[in-house]
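Annotation comment: Swiss-Prot describes 29-49, 111-131, 139-159, 175-195, 210-230, 242-262, 269-289, 309-329, 330-350 as transmembrane segment, evidence class sequence analysis. Residues or ranges marked as heme binding site by Swiss-Prot on the basis of sequence analysis: 276, 337.
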C-alpha cells in the first residue's frame, strides 16, 4: 500500500453537514481498532510464551470459531495434537486438562482475529455506504483490511511451519513476518486516525520531519528483529547486559558460525540477539537526538513534547528489554516488552503523521 493511499484527504465527506461528527466517529473507530490490534499482539505473545501456538493443528476460518463442546470433540482435538512433533518431543504425557489450557490460548487468539475482522469491515462498510469516507481515505482503509486478511493467512503459514517433522516451534522468520505485519497494520490505523481533521502544528523544517518519519520505520525494523529473537528463543541465551559472554560484541567466528553465512541472521542466536541489541541502541540514539533538536529549535512546542514522550517510551522499552533478558524471559516481562513496543510504534506514528502535516 502506498503512502498516498494511507494519507487522508482534506476533501469533505459526501454527507452534507456531517463532516465533524463523521470524521470524529471514524477517528474514534480507528483508534479502537488500533487498541484491538494491541490486544491481539498481547494475546499472541502470551500464546507463544505459554507454548500454546501449535495446539490447533488445522485452519478452519469459519467452523473453527466454535471450540470443542463435548467430551468426544475434545478427545478428537487432543488426538490431533498428540500426532504433532511438539507433543512427541516436548509434551509427551500431557493430560487432557493441560491440553485444554493451551488450546484456550490459541483459540482465543484466533477468535480475537475474527472479532477484529468484523469490527473493521462492518463499520467500514457503514461509513462508506453513508458517504462518510472520501475515496482516498476509503481506499486506504480497504487496503488495511486486505492486509488484515493476509495476516490471517500468514498466521496459518507460521503455525504450519511448526507442524513439520522434527519441529517443536514455528519458524522464526515466519513468526517475525507475522508480528511485523500486525505492527504495520497497527501503525497504518494510527497514522490514518492521527491525520483526520487535525490542524497543523507549528511548521517544521524538512530535517525534523524526516527524523520524525524515521522513528516509526526504525521501530518496525526493531519489532521485526524482536520477532526473530522470540522465534529463535535467543532471549534465553546471553542473559547478561551490556556484555555478551564477556564482550560487547562476541567474536565474529561465533556470530557467523552457520553456513551459508546469510542464515546466521535468522538461525544463529548470538547474531540474532546482537542485532536486536544494536538496533535498540540506534533507536534510542535517534529518539534522543530528535528530541534534543526539537528542544533546542522548538522549545515548548507540541512537537517537542511528543518527541519527549517518545524518548521516554523508548527508554522504558529498553529497560524492559534488559529486564526481560536478565530474567530469562518470564511471561510478565515478555508481554510487557511486546506491548510497550506497540505503544512506542503508535506514538511514533502519531508524531510522524502530524509532522508531515506541519511543513515549513
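Cβ coordinates are placed from backbone N, Cα and C, and glycine is handled just like the others.
Packing against the transmembrane segment (139-159) from elsewhere in the chain are residues 1, 5-8, 53-54, 56, 59, 61, 110, 113, 116-117, 120-121, 124, 133, 170-171, 174-175, 177-178, 181-182, 184-185, 188-189, 192: each is 6 or more residues past its ends and has a CB under 8 Å from a CB in it. The recorded stretches the transmembrane segment (269-289) and the transmembrane segment (210-230) share 3+ CB pairs below 8 A when only pairs 6 or more apart in sequence are counted, and are therefore in contact.
Listed as Cβ neighbours of the transmembrane segment (309-329) (distance under 8 Å, sequence separation of 6 or more from its ends, same chain) are residues 49, 215, 235-236, 238-241, 276, 280, 283-284, 287-288, 290-291, 336-337, 340-341, 343-344, 347-348, 351. With a cut-off of 8 Å on Cβ pairs spaced 6 or more residues apart, the transmembrane segment (210-230) and the transmembrane segment (175-195) reach 3 or more such pairs and are scored as touching.
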